[in-house]
Amino acid sequence: MSETTPGLRARVVADRGLFVLDVELAVAPGEVVAVLGPNGAGKSTLLAALAGLLPLRAGHVTLDGDVLDDPVADRFVEPRHRRVGLVFQDYLLFRHLSVRDNIAFGPRARRAASRRAAHAAADAWLDRLGLPGFGPRRPATLSGGQAQRVALARALATDPRLLLLDEPLAALDATTRADLRADLRATLPATGAAVVVVTHDPTDAATLADRLVILEHGCVTAEGTATDLAKDPPTPYVAKLLGADPSPTT
Amino acid sequence: MTTPEAETAPAPAPRARRRRGRRGDRLPWPLVVPAALGAVLVLLPLAGLVWRTPWGSLPRLLGEAGVREALWLSLRTATVATALSMLLGVPLAWLLARVEFPGRGLARALVTLPMVLPPVVGGVALLLAAGRRGVAGRHLYEAFGISLPFTTTAVVLAQTFVAMPFLVVAVEGALLGADRRYEDAAATLGASGWYTFRRVTLPSIAPSIGAGAVLCWARALGEFGATITFAGSLPGTTRTMPLAVYSAMETDPEAAIALSLVLLATSVVVLAALRGRWLPAARDGAGRGT
């Protein structure tokens, strides 16, 4: 296992109040992994640690061979230098900026593009995600599904090597949810980034992800494709989760 | 029993106040009487001021050189003091709200000290610090020949000393209430701390900065004790409106009333501006994030 393995390789150990989160995770570029688990299992903590918003207590985070966090080696790369995109559950779009400026925020902040180029790229993202002409709108005027697409575009515009999505479909109504789920299925692998989707919904997980990682009380209790896990569920939670209809619905 | 009409006497004060109009007979008098007296205590002197204003000679009084001088000096110094307070106070509020350092609690308390300190004491302190023989003022004088007391700069410093905490407290509160995850989001997008502050944090607390600046300006405009102690009362140089009111009371009470009316009118305008626009916005600010 060489240090230059592409994609994410991580062992995340972090305190989480009542228990210790201890998770090993490997995601190849272009691969989509869903982290599934009950509320309070440590899913959001895992994402925060990968993004660098929460320093590890032990373990390591390595992305495309670069060590981003390693307490033993006293190495910690700030979130802004990681090229790790994080899409928050409640979007966190900047309310005082237009949709276009929201998407252009990352490239502009890193001086990676001129204002004009960043705006053109933002409009291209909006076209690609089915929101043509939305550039001048304010985030407050968007529906949940639209806001989630803009949040995704904002993260993708920074060309992340690792993309993290926290419950991207949880806040949406059924129809929007199905639409966005299909779009994410098409968009995410095409980004070439390693993708980690946190969800508590087995249908979302089975549709979006190549592989499922089940997280319970801070530990990985199962790992594999939805079909495999449904065939031979290793824990009661997995059995209950995937028992009804393990196969992808779309 | 649980109908709104039935609960009368035990209703706590805020609830009683909330039932506006048409229910006077149900309001508990142990609250209403002191409340009315309190309102009278505040409003009566103001009514007296307006009542005694020599409206006929008002244009002449306000046109006098000394009055115009004081008014212009006050507007200038209060505005410069507010600008200085924003320049220094916003970063100070950010430091107190965002950066963990030993003694932060003490620093917080000390920064707000001028809000409760008698302004005269502030003036004495400024004199001891920045006076020609003061701790810092001595070096300033010896090195550059600069003497601060009894200059317009001293007026600005006195006003800033007294008024800046109002801005700091308003901005610090907004920063503590703001949703920091927006700053996290900016960081994951590659923004530096300074870029995040300018493009994310600052716009989200702008209403509170506005409210704080207005309060700060109003406090600076009314500053008296620290100014007269540290800067004296030199016409044209350090005699601001409040000082002019005070000195006019001895020689020309009518002019004092006219000047007071101008300050009163300014205060009312400031209050109206804050009520209508900034205070509600600042209150929402906590949950608004950006």
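Positions of Cβ are set from backbone N, Cα and C atoms, glycine also.
Over in TrEMBL, the protein carries these features:
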type	residues	note
COMPBIAS	B:1-10	compositional bias 'Low complexity'
DOMAIN	B:71-274	domain 'ABC transmembrane type-1'
REGION	B:1-22	region 'Disordered'
TRANSMEM	B:27-51	transmembrane segment
TRANSMEM	B:71-97	transmembrane segment
TRANSMEM	B:109-130	transmembrane segment
TRANSMEM	B:150-171	transmembrane segment
TRANSMEM	B:200-220	transmembrane segment
TRANSMEM	B:255-274	transmembrane segment
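Panel annotation: around the transmembrane segment (B:255-274), residues 46, 49-50, 52-54, 57-58, 61-62, 64, 66-67, 70-71, 211, 214-215, 217-218, 221-222, 241-242, 244-246, 248-249 of the same chain, lying at least six beyond its termini, place a Cβ under 8 Å from a Cβ of the stretch. Remark: the transmembrane segment (B:150-171) makes no contact with the transmembrane segment (B:27-51), by the rule of 3 or more CB pairs under 8 A.
Against the transmembrane segment (B:200-220), the recorded stretches B:27-51, B:71-97, B:109-130 differ in Cβ pairs under 8 Å, and the greatest number is found for B:71-97.
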